[in-house]
Amino acid sequence: MAKKSVDNTSKPAQVENDKTTKLEEFVADSTGQQLTTNHGVKISDDQNSLKAGDRGATLLEDFILREKITHFDHERIPERVVHARGSAAHGVFKVYEDMSEVTRAAFLCDPGTETPVFVRFSTVAGSRGSTDLARDVRGFAVKFYTQEGNFDLVGNNMPVFFIQDAIKFPDLIHAVKPEPDNEMPQAASAHDTFWDFISLLPESAHMIMWAMSDRALPRSYRMMEGFGVHTFRFVNASGVASFVKFHWKPLLGVHSVAWDEAQNISGKDPDFHRRDLWDAIEAGAFPEWELGVQIIPEEDEFKFDFDLLDSTKLIPEELVPVQRIGKMTLNRNPDNFFAETEQVAYHIGHVVPGIDFTNDPLLQGRLFSYTDTQLIRLGGPNFHEIPINRPVISVHNNQRDGHMRQTINRGKTSYGPNAIAANDPQQTTAANGGFTSYNERIDARKIRARSKSFLDHFSQAKLFFDSQSDPEKNHLIDALCFELGKVKMVPIRERMLGVLAHIDKGLAAAVAYSLGLHVPEIPLAELNGSVPADADPADYASEKKEGPLAKSEALSMANTIKDSIVTRKIAILAADGVDGKSLSTVKDALVAKGAVVHIIAPKLGEIISAEDQHIQVDESFLTAASVLYDAVYVPGGTNSVASLEAEANAVHFLNEAFKHCKAIAADDAAIQVLEAGYFHKKLPAEYSAETVLREGIIVSDDLSTLTDLFAQMIAMHRFWDREVPRKIPA
Ligand code: HDE
């Protein structure tokens, strides 16, 4: 059989750090190697099993066949019970300035230290093979391999959560996962059990606003914020503590796609986010985030009209500004998905000296769950020895044995105190880096209850809604119409409308109209989820306080950074006879600004320009779709324009790009292609810079002005005002 040659050399040089260098020891590269069994015996025939004669039965003796099949039979491990679908990358973190005034965490005190990180992004509800574009919260888990051990910041892309107490987590997840009788729907919250639960749990109101907003449909993992959610503690070397909320701020801004687009992407490319992250890193366009902190001195604990320990609340940035203290850069893709991304084990309890917990009851429950879940998922207590989970510093303790133990602990002692080994391994003083828990004063009775300070479920839900731009509000209303429209039991829809009315009456009315229902009046006093059997329900009635802010700018994505087209994907629609200059001027200018430009033609291979140039085609109309691009350009050229105008897929591409509010540009000579679309009546009457930047469409024969304005339009991301009124049947 002919030997196939595989080019392993075309990958860009890998970026190394302390952790990736340590991983090298475990990397196997088969280039130029001979095939062996797991026990190192060379294999001469990997095509045929051992048989009793030419057409005889296979022999049990065939240890090569048995080993291969047995290993294969055991390849799968349980997927994560939540956050099963995810993608990860390596990178580094550096603090900007010494933070020792507030924390003794060494990696936050030395701007010269580069800390390796491994970051996994995920959806929550879907299984491992589900679509990336589900309407869902996104996980944002960061493992810092610090010189004082691993610190895991296991956060989400939304700053609050559905529930206040960990004891409700299994209920929440059972409600959102596919229904147990028929395992439907996959990776979706639009079904009866989820909304049944949510409509009975008013503490979820704030998070529901986030989950129904465009934040649940990120354009890219690289364009989402991250949040630690809980209030944590920083502790400095003198033992002085302050409260801290963690944020990740993406340098490309926070951007989302439209719901109709998300649903289409789920069919055209369910790996959209995974591919986007992978491709950006392979291309050297390394994603970056700044680490932000909101620091609250201990004495200000009760200064707010919400409880800092309540994970359904955020601290508005207007009340406590976010200080940007460092930068994280993801600069290397994993070598092996299973070994790294699947086996990485995050745990909110992995903290280093200088970072500590608070009594947030959601956080406290998580402290138990993460190690417990790894025991079943990764099969035993030695998962910390899996290469991706090992700290970069060495581990010494008296823990021993268990399934799949890798470490060969030398010596007679595995206990302390011991005299035989002079008490090694030794405890370390706090001054020498030993972890000491924050010396919090505790003076309390043991009770099972919810704090009264947790009962205002509606004021921040309202603050979030009120802070959205008009298009964002419309999307949120549409999302609720969709989700509740998929709920089959009418009483659930009605109850949810009653809850929404406490956030915003107009919002509830708009959703009710679409559902063909009236908004019922449910008094706040009756919205009292989580009532213990022996309690008076009145003690659990929801509250709605008058907060100090009418709006918070940071809550709206409309106010995000819109100044870059780096990694934006632009489609150029072309066919034989295209005006080569019209194509290359725009393409070259966009590529120079960091965009990724694809030429899409009726078929793959090459197109021949009017000037007889051969131009490589990246995708055909069959393999590409407008939902996979941020913007589209149509160059001139008589024959190309005539072909595209007659090509239904090209016209559909433009219609859909228009419907999803994307930047559209065309050479003046290609206007007919735009006019073949449904939106021709909406083409602007003139193309002044002002109109173009308002409407997101430019048609011009001045290619330099066109390119300039087109780039500005792409950076603006979307022209949501185009949705009103919506009349594009794409
Ligand atoms: Fe998690 N969560 N969670 N969670 N979580 C898991 O741990 C859990 C919560 C988050 O990429 C599991 O290793 C409980 C909040 C992320 O590997 C599990 C509660 C936030 C990831 C678990 C919460 C998160 C997980 C499943 C309520 C945002 C993926 C697999 C008390 C701050 C990490 C695993 C990765 C994963 C439990 C709530 C974030 C079962 C009990 C709030 C990003 O242990």
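Using N, Cα and C of the backbone, Cβ positions are placed for all residues, glycine too.
Feature annotations, reproduced from TrEMBL:
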REGION    1-22  region 'Disordered'
DOMAIN    36-424  domain 'Catalase core'
BINDING   Arg80, Arg120, Phe169, Arg366, Tyr370, Arg377  heme binding site
ACT_SITE  His83  active site
ACT_SITE  Asn156  active site
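In three-state terms derived from DSSP, Arg80 (heme binding site) belongs to neither a helical nor a strand segment and is classed as coil. Put simply, Asn156 (active site) is 14 Å from Arg366 (heme binding site) when counted between their Cα atoms. For Tyr370 (heme binding site) paired with His83 (active site), the C-alpha to C-alpha distance reads 12 Å.
Counting other Cβ atoms within 10 Å of each Cβ, the lowest count among the binding-site residues Arg80, Arg366, Arg377 belongs to Arg377. Between Asn156 (active site) and Arg80 (heme binding site), the C-alpha separation comes to 16 Å.
When the Cα positions of Arg80, Arg120, Phe169, Arg366, Tyr370, Arg377 are compared pair by pair, the longest gap among these heme-binding residues is 21 Å. Packing around His83 (active site) is summarised by its Cβ count: 22 other Cβ atoms lie within 10 angstroms of its Cβ, all protein chains included. Under the DSSP three-state reduction, Arg366 (heme binding site) is assigned to helix. For Phe169 (heme binding site), the same-chain residues that are 6 or more apart in sequence and have a Cβ closer than 8 Å to its Cβ are Ile163, Leu362, Gly365, Ser369.
Listed in sequence order, Gly86, Ser87, Ala88, Gly139, Ala141, Thr341, Val344, Tyr346 are the same-chain residues six or more apart from Arg120 (heme binding site) with CB atoms under 8 A from its CB.
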